[in-house]
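J.: Once you've had a glance at the structure underneath, I'll fire off some questions.
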Amino acid sequence: QMSNGSSITEFLLLAFADTRELQLLTFWLFLGIYLAALLGNGLIITDVACNHRLHTPMYFFLLNLSLLDLGSISTTVPKAMANSLWDTRAISYTGCAAQVFLLFFLVGAEYCLLTMMAYDRYVAICHPLHYGTLLGSRACVRMAAAAWGSGFLYAVLHTANTFSLLLCKGNAVDQFFCEIPQILKLSCSDSYLREVGLLVVTVCLVSGCFVFIVVSYVKILRAVLRIPSVQGQHKALSTCLPHLAVVSLFVSTAMFAYLKPPSISSPSLDLVVAVLYALVPPAVNPLIYSMRNTELKNAL
């Protein structure tokens, strides 16, 4: 019945645990992470939307980031929670395609947005006098739209490519959500190399953005160290270093997940890496951005 791709009607996701107790423990753990992400991002969205003092480019991008974080964690976690709770592993073919599409869309857009946030900080700290002209409200809306649009384009490309493959090696996906590298393992034709090529191109683009972010921060650091007051230095660094930490974790784990050779692939390693790039940033971002930010705390 698995002779051609179209006959697969559902995929089987990775089961976290064999015993009922462990399954329920997984459910509560995921619920905790999910609620933390909902609460943190929800507070930032409400805060920025309702507080006129926070209607600046930096907070506008932060609002978009929180929306993307909410979307991306809602793509993977609720289904995994439901599976743990109802003791099942199934996800429909359409559901799987939807997960791949949404994850690529939201994560791709988020990464573009993180790049723009680095640019925003760079202009604010290194060229404060040009800030108003370079990052007016129109420019910000255009930049955000470009981020969402790029994510959408990426997602269409990767999803169409992956789900046009012939899958003949069963239907078990070694991950708690539908992830492209795991689906490629089920393919039996050489056409999967096309998707691998596309992933490599994506990684090159991601690396380009990452270099841009790092260069922006190096310039910011040099400018900050010239600030005479220690308080001024602290304020500038407290918005920049956490951002860099989030981006580094996100990029390194995502690249590892999508580029590592199959020989070093093990279910537990894949799982840890997926949790680090798919679950940790959405849950931790609000904490990182708001803990160090007095304006947000005051608004809250």
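Quick reminder: no glycine exception, Cβ is built from N, Cα and C everywhere.
Relevant sequence annotations retrieved from TrEMBL are reproduced here:
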type: TRANSMEM; residues: 25-46; note: transmembrane segment
type: DOMAIN; residues: 40-289; note: domain 'G-protein coupled receptors family 1 profile'
type: TRANSMEM; residues: 58-77; note: transmembrane segment
type: TRANSMEM; residues: 97-119; note: transmembrane segment
type: TRANSMEM; residues: 139-157; note: transmembrane segment
type: TRANSMEM; residues: 196-218; note: transmembrane segment
type: TRANSMEM; residues: 239-259; note: transmembrane segment
type: TRANSMEM; residues: 271-289; note: transmembrane segment
J.: Compute the average pLDDT of the predicted model within the domain 'G-protein coupled receptors family 1 profile' (40-289).
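T.: That region's mean pLDDT is 87.
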J.: Could you check whether the transmembrane segment (58-77) and the transmembrane segment (271-289) come into contact, where contact means at least 3 Cβ pairs under 8 Å with the two residues of each pair 6 or more apart in sequence?
T.: yes
